[in-house]
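One structure is given here, and the rest of the page talks about it.
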Ligand SMILES: Nc1nc2c(ncn2[C@@H]2O[C@H](COP(=O)(O)OP(=O)(O)OP(=O)(O)O)[C@@H](O)[C@H]2O)c(=O)[nH]1
Ligand SMILES: Nc1nc2c(ncn2[C@@H]2O[C@H](COP(=O)(O)OP(=O)(O)OP(=O)(O)O)[C@@H](O)[C@H]2O)c(=O)[nH]1
């Protein structure tokens, strides 16, 4: 089960610098070619063996002076709804401001852990200036950090791990059921699809209340398979605000995606695939979950015998380099192909569990490597000796070779494609590692 930490704070206090420091990465995966937008706001951290996600709530708005306080309030409220632990970040250079106080007021009313992080404490003198933040009335302890040089962040991470909720692992029986999630922008037809699926169905076992909030998972049976539909309440609850903003759709999707095995991304056929959809796909891929794309409202499209293929191509142009994705053209309204979506999700679930025997893998891949050797790098020959599939939950492969650092992205993509050509990993992100041998 997922654990989510959100960084909140007014503009310019250093949220994104803190985020980069805590996630230990420069998450600027700007991949212009593939059209996959960068992922500056979401990252995974493992500290003392505990894994959690961090979300930076900043940066979605332009930083002009006329930032609406209303907008900031909404962001904080959403972070409060969606996260398990909140980091209220403040800036020792500017001291306590009205906006800090407003946020503190909102955060004081909730019963989730809130840590006050005083940022920009770059040297000892500045430590003496942090005391004024006790006036926020939020905690007995302040965490003084310098996101720029890293000081204090270890203590902060220790504390985060300490206060994260202990989520009971799901029961053994539940562990084995495929967990499916429906995600997508507002109004694409998520609720309608779920209702079409479970509407009059009498085989629903029980709605199980989520542990941390009002998420409801529904046990469900169709064509001999048992499933869990993840977070149906979150989907079915009507949005109170205009959520057609990237931040909201991503933020709302994080926990749902993390708690699933396979995500069905629903698109509105009349709108096609948009940048927010790509963000959601990025989130699915980062979490190494399975993916099915459902193009909903297909009943509204004027079509001939080429429409579907053209539509499919257009989507895959945007998701590249990940293009081995099932796409189903359906209508929740007329029920056309809605069951195919479910079938496809089950296939993807099985694909994600696929384990390729090492001998067979080497047989096929050695041949592929012989046919197309890794390009020489700095006059050096790269020799790939053998490959194994790692015992991870989602498929990942380690190629052992003499100079792993010299094997570049295009060649890794070649290896991945070869794997995909020989075994069915449709809908499943694959990781390729090069290791020294
Ligand atoms: N001296 C010092 N400056 C810092 C520190 N952390 C961040 N800054 C600077 O503060 C400025 C704002 O940092 P950001 O991380 O962009 O702030 P933010 O809160 O994410 O801002 P928004 O994206 O507008 O919400 C930048 O110039 C940073 O270099 C720090 O620990 N010490
Ligand atoms: N024509 C047509 N309309 C559809 C279809 N599926 C959903 N709709 C309509 O699209 C609108 C939005 O559907 P919802 O199921 O509420 O969408 P949602 O994604 O759950 O929306 P949010 O709760 O806002 O996130 C409703 O008016 C539905 O009747 C479909 O397959 N065809």
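Glycine residues also receive a Cβ, built from the backbone N, Cα and C atoms like all the rest.
Listed in TrEMBL:
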type    : residues                  : note
BINDING : 9-16, 56-60, 119-122      : GTP 1 binding site
BINDING : 184-191, 231-235, 296-299 : GTP 2 binding site
DOMAIN  : 3-168                     : domain 'EngA-type G'
DOMAIN  : 178-353                   : domain 'EngA-type G'
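Taking the features listed in TrEMBL, we show where each one sits on the structure.
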residue: 9; record: GTP 1 binding site; CB count, 10 Å: 26
residue: 12; record: GTP 1 binding site; CB count, 10 Å: 12
residue: 15; record: GTP 1 binding site; CB count, 10 Å: 25
residue: 57; record: GTP 1 binding site; CB count, 10 Å: 25
residue: 121; record: GTP 1 binding site; CB count, 10 Å: 25
residue: 184; record: GTP 2 binding site; CB count, 10 Å: 24
residue: 187; record: GTP 2 binding site; CB count, 10 Å: 14
residue: 190; record: GTP 2 binding site; CB count, 10 Å: 24
residue: 298; record: GTP 2 binding site; CB count, 10 Å: 22
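Between the alpha carbons (Cα) of residue 12 (GTP 1 binding site) and residue 190 (GTP 2 binding site) lies a span of roughly 36 Å.
In space, 57 is the closest of the binding-site residues 9, 15, 57, 121 to residue 184 (GTP 2 binding site), judged by Cα positions.
In this structure, the CA atom of residue 190 (GTP 2 binding site) is 32 Å away from the CA atom of residue 9 (GTP 1 binding site). For ligand 2, the binding-site residues lying close by, meaning a CB under 6 A from one of its atoms, are 187, 190; the full candidate list was 12, 57, 121, 187, 190. Checking the binding-site residues 12, 15, 57, 184, 187, 190 against ligand 1 with a 6 Å cutoff on the Cβ atom leaves 12, 15, in sequence order.
Within 10 Å (C-alpha to C-alpha) of residue 298 (GTP 2 binding site) lies none of the binding-site residues 9, 15, 57, 121.
Cα of residue 57 (GTP 1 binding site) to Cα of residue 187 (GTP 2 binding site): a distance of 23 Å. Across all of the domain 'EngA-type G' (3-168), the predicted model scores a mean pLDDT of 82. When secondary structure is read from DSSP and collapsed to three states, residue 121 (GTP 1 binding site) falls in the coil class.
Mapped onto three states, the DSSP output places residue 12 (GTP 1 binding site) in coil.
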